[in-house]
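Per Swiss-Prot, these features apply:
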- 1-19: signal peptide (SIGNAL)
- 28-216: domain 'GH11' (DOMAIN)
- GLU112: active site, nucleophile (ACT_SITE)
- GLU203: active site, proton donor (ACT_SITE)
Amino acid sequence: MVSFSSLFVAACAAVTAFALPSELEKRAITTSQQGTSNGYFYSFWTNGGGSVSYNNGASGEYSVSWSNCGSFTSGKGWATGSSRNINFSGSFKPSGNAYLAVYGWTTSPLVEYYIMENYGDYNPGRSMTFKGTVTSDGSVYDIYTHQQVNQPSISGTATFEQYWSIRRTKRSSGTVTTANHFKAWASHGMYLGSHNYQIVSTEGYQSSGSSDITVS
């Protein structure tokens, strides 16, 4: 005879087995939001195109997977940026147009900036204004500027400058000495304002892929 206790344990196991997927789904973020997770600021934005699923992991870890996306930006870091040294490690596996970068904003002036460590099949520098180079953390980076006209920003729809450093030797782990880039930008008249958030971002545009990154 099967005991009641055996049936109870089996029933609990079955409930747990069915509960786990829903618990996982609760941790998946698919709509634009910002917040704090395990001591780190996180930001996820999507224009709603395709399928994009973002997950906050332990400490500074996050993962994101996307399929035929429209446009999205995601990542973990700090609510207030600075000239800190940023460590990152993990995997970045895009199919199409995607970026892995230190990403942030400043105000007064309003600036969106990228220190790009890796990218998919498109180097965005092709459509920007080349300003020079900086050598940092084992590679040469090409410096670019680009003006965004009437585009979304942390201050609403606005016209603002983008500053870019694009690494010539791609990587998915290492240390980014942000001060080297900020100083190089300033030497070309590319000045930052008061820092808003600063993250290690995975960004995709009309592409598919996955990324799992830990920030510290």
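Each Cβ is built from the backbone N, Cα and C atoms, and glycine gets one as well.
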Where does GLU203 (active site, proton donor) sit in DSSP terms: helix, strand, or coil?
strand
So if I measure Cβ to Cβ from the residue listed as 'active site, nucleophile' and keep only same-chain residues at least 6 apart in sequence, which ones fall under 8 Å?
TYR103, GLY104, TRP105, GLN148, SER153, PHE160, GLU161, GLN162, TYR163
Mean of pLDDT values spanning the domain 'GH11' (28-216):
98
Taking the Cβ of the residue listed as 'active site, proton donor' as the centre, count every other Cβ atom within 10 Å, in any protein chain shown.
25
